[in-house]
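Here the structure comes first, spelled out in structure tokens, and everything after it is commentary.
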């Protein structure tokens, strides 16, 4: 099947996000048009503060947009309440966070089982099997009785990936999954995500590491809350860098 | 920076962050209020020295009963005992009686007591003004109580020497009693009592007191027993009865039956203070967590000794002082609110029931101790956090939760006690009172012998007043009785069928009285106008008479122990709770005023008033006023008093179970409120400290309802073992928890069926806000800031 004919998981049309800070309004995202189709590996790139994480939180139904239309698996999320969005998240979205976000007083297996604990349709035996499978898929089945504090950063992130996979989600959202890892562990985790993609998983990942962007099918570039194409991005980035250099220069030689 | 500077810095910083300090103080103030109330009651009833300066060496002598430790003496016995060698002085006081008193525009039916010349000196009473009564033998003098002196004379020192009309007799005021004087009852006037020597009066209606040489109480008591033994025949006593005679130290007779209830109140108040201290401990711990970095820095910079703990200790002192400032007035208000529930017999002194300096010191010490103990967990946490000792990772959270558990257990225990008391009250309330107390009004009238010399004169007055009362609008029946369905009455000796003496409640009534009192007739007929002095002598008895004295019923005979006229039973009425709903029914006889012999009538009228009872569908206060005017018109010297609905009389029957239920429920309410605050604070801290966990669960698909349920579940997990522990403690304690003389049914399944849901609902209600906050956590904000 051609990529563009696959069913879409996420569709964003004219999405904007405004934050209210007292009497001040802050426009974080403006007029975003984006579609993520099944089986795609999309990376979102951009400088700090450009709105990458906000965009990911909208895609993950953690927040709702201020403007525009957001559809998840063909359904508009605007009319959905918090509980319905939570149920969609639980069944169709897997999260991998930069800071791992494992619960310290739960074992590895219990952490991985957490998303299944919110579902009534998964029996206990089935839950245990799926936990073992998920941990096996990231190579961590042998550490299932350990606690997060007993694992390295890379191992913790692999457990977090297993937790994201255990519910067999439609899409995996990863927010800077290598941000807290050293080079070696970062590459291991990226190799894992890449393997999952090859196996057919839909992945959307925020990163500012160009090496990892290259693994994605396509990269969405964000700048000041807008999606820009590659050439525009490079140009604006270059202008911004030179402007900064000029300002530095003028500061040195008044 | 010195230690002084540390303290000054804390004091300067406190007003800038008043919230936690005020919250801690207000929480502790609840415990202070409960403790101040209980201590005030204990101080007034058990600890305050009685208002009799010689009390330590005074004994009360005479006979007593198995149920009542108070002794009574007859003039005859008083005369026989005389003054043995060990007696330094002695005196006697008659039972209080009501008298019509007039002074200028003031008129009232006042409580009076006759005392002999030795009574007040034996007790060591010194008048606040003037002289003791009687200042000279045969003098027509009275002493007025301090309260009456203020009420009628505006505390005018010139009141001494003025003349009152007491039952029509002019009597000069010789002095004013001290403000705190009372002798087991409040009286307005003290009148002289002249006891003839060699009297044969064997009616035990006096309290005889003797001032003894130290250590001679036993010898004196034996001497009294000896005298009674030798004169048993003259005193008309069976040999077996003499064992009830002797002497008892005056101090041991104060506050009969009060100790158990007051100790229970103090115990409950201490539990409330402990629960409050636990809450404060949680708050202190929260503040300590905030200060961990500062304390660590102080240690790192070389601070030693107790200096790093100065902020925590200063907070404890300030919290305790503020709690005392807030809690003491609240405690005083509580005492004022509960004053009507405290039986007069508990109070030896007429002084005000207010917290004194002793209470203030005791409360201050207790609250300071509680605040310092509450600070202990905070100091311990800082110690762990700063000295390198390996503190458990979740120690503060465990301490919080354990405290919530203990608080729940204590609140459950108190709730069990109060629920048992409330259930007992409710059950007693369901018992039939034996009379219809609606639509009736009673009013006290005393016709003194000086104006109404014999039975006939009193009967004529009663009949005339009844005829006029029946013409009042809305009055259907009216009658007179010396006994109300609830309350103390007059007791007379009668003979059982076998000849043994039995004491019966003895009421003198007119036709219409039993119907007006709403008594329930079970057999026979009422007393009627035809039951005259020249017709067959008849009586009505109650059901208890049939059960305890003679079961013959209508047609049977009632025989007075005096051997005077026997009477035929013509009717039987249901029992009424004369001594309250929790007491066993007492046998009673109702005798027509027209048929009572003159000697019995003279005895009865001396100690009891007559109660006019008016019944009708529209009888109310206006009827009382109208009847009072009729009395005034017909007998201007009489002062009808104490007009009240029969409903109010009926309420007296529940006084004891109501008092226990209200007092204990108040303490339980405090404890429950504090336990709720505890659960709230624990879960509030829990939700704040675990925001990331809630956010993560939300991100992974937990619905808001699931997040709320998690907090509620967690609170219940800690609360339910506390409830179970409280129930077990209640079960273990139920044998010891006595209120007055009736055990509370702590093992009653209804107690558990009430307390468990109540605690569960209270816990859920207490943690709803933190649970809602957990559900409202926005995952992406929390996880992003992380």
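Glycine is no exception: its Cβ is also placed from the backbone N, Cα and C atoms.
No curator has checked TrEMBL annotations; they are predicted automatically.
Per TrEMBL, domain 'MacB-like periplasmic core' is recorded for B:22-216, B:457-618. Positions annotated as domain 'ABC3 transporter permease C-terminal' by TrEMBL: B:269-377, B:666-779. Annotation source TrEMBL lists transmembrane segment at B:21-42, B:260-281, B:315-338, B:358-379, B:399-426, B:661-682, B:718-738, B:750-772.
Within the chain, the transmembrane segment (B:315-338) has long-range Cβ neighbours (under 8 A, six or more residues past its boundaries) at 10-11, 14, 21-22, 24-37, 40-41, 280, 284, 287, 353-355, 360, 363-364, 367-368, 370-372, 374-375, 662-663, 666.
Comparison of B:21-42, B:260-281, B:358-379, B:399-426, B:750-772 by number of C-beta pairs under 8 angstroms to the transmembrane segment (B:661-682) places B:399-426 first.
Ranked by the number of CB pairs under 8 Å to the transmembrane segment (B:358-379), the listed stretches B:260-281, B:399-426, B:750-772 are led by B:260-281. Nonlocal intrachain contacts for the transmembrane segment (B:750-772), taken as residues 6+ away from its ends with a CB within less than 8 angstroms of a stretch CB, comprise 408, 411-412, 415-416, 419-420, 423, 672, 675-677, 679-680, 683-684, 686-687, 707-709, 711-712, 715-716, 719-720, 723, 726-727, 730. Note: the domain 'ABC3 transporter permease C-terminal' (B:666-779) comprises 91 helix, 4 strand, 19 coil (DSSP; helix = H, G, I, strand = E, B). When pLDDT values are averaged over the domain 'MacB-like periplasmic core' (B:457-618), the model yields 91.
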